[in-house]
């Protein structure tokens, strides 16, 4: 039953990774004009990314409650995401050195800020491009981890619906008025901001690992303050991805929407409140850009509807047997997501002028490279994380346990930590 309950999430991740990879292959395979003609009406790349965000929002509270402690959660996250991430950085730099991939100018002109931004995964909210372009989404994943850890540290995890709904209301009410780059609009500001963020995140991690309740709560305040980055610094340069602070905030709202779905499923949230919050997030997702400049209404609304529909279908089929290919793709989806662009760079260089051959090689090489990366880097990294976790648990004081204390928007429920453990 455990695997069945997780298999639908693996399948959704695998599907989302495939959609993003095919979106980036599309200009080569069908031509830029046809790609743009489709893009004007539907953004497949954004569609895939938002599915990833919903899955992350659903899974992260489950992960926290499964680990039972913030220390174990952070060790698990670090050794889950950084090994594959560092591999992608290394491959991206190697391809740049050989001339097969071009590094963005911000990596050369803002070297220190880029280095620190990549170390913290917050480069996109510093207005900097990643060594590998899809890295930008990891910025929002990291912001979400920080906020959620802060909520758990202060025993406010039951407030996730208010975060999702509140952020959506910010987008709908004052989104166009938010500053785009309060902290890092110039090179000196970016260096200072990136250094400050690196220090704060390092201090927070040490505090969480210590197992001390007071230290964890202090780190939690820093984590909660991470919302200020997308709120006030969502577009410090034209190289940031969301287009505005309003666009950045709506991405965080989507992540919290995944948590709302999780809470609804486990009866930790009043259904009416949950439905209202999800409707607000979908509305903000659909009309955010239109509120800013009167554009992209059709494209963003169709994407919002497709994301909601796809997740709903997957959720309704969650107890069915999942196709093996989708389940397998889900297992290697992180490596597919990180490495498909370097793979595309390589096959495009080797098979230049032959789009069909590039497409065929890409479809074969991407899952093969992802499989190798998963078995040679990701899994060993996770195993190392488990050993580090056991070592710290024996050497350091007992960590403060994570619990679920109440139903959001209501009274305490049966959704206890013990019950949640059964769902994972």
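For all residues, glycine too, the Cβ spot is worked out from N, Cα and C.
Checked against TrEMBL, the range among 297-317, 381-401 recorded as transmembrane segment is 297-317.
Here the transmembrane segment (271-291) has Cβ contacts under 8 Å with residues 50, 161, 164-165, 167-169, 171-172, 175-176, 243-244, 246-247, 250, 253-254, 256-257, 260-261, 263-264, 297, 300-301, 303-305, 307-308, 408-409 of the same chain, all six or more residues outside its ends. The stretches the transmembrane segment (244-264) and the transmembrane segment (12-32) are not in mutual contact, being linked by fewer than three Cβ pairs under 8 Å (pairs 6 or more apart in sequence). The recorded stretches the transmembrane segment (329-351) and the transmembrane segment (12-32) share 3+ CB pairs below 8 A when only pairs 6 or more apart in sequence are counted, and are therefore in contact.
Mean per-residue pLDDT, taken over the domain 'Acyltransferase 3' (7-374), amounts to 95. Beyond its flanks by at least six residues, the transmembrane segment (357-377) meets 21, 25, 28-29, 83-84, 87, 329, 331-336, 338-340, 343-344, 346-348, 350-351 of its own chain at Cβ-Cβ distances under 8 Å. Highest Cβ pair count under 8 Å relative to the transmembrane segment (135-154), across stretches 12-32, 44-61, 191-209, 214-232: 214-232. Panel annotation: around the transmembrane segment (191-209), residues 70-71, 73-75, 78, 110, 112-113, 116-117, 119-120, 122, 126, 146, 149, 153, 183-184, 215-216, 218-219, 222-223, 233, 392, 396 of the same chain, lying at least six beyond its termini, place a Cβ under 8 Å from a Cβ of the stretch.
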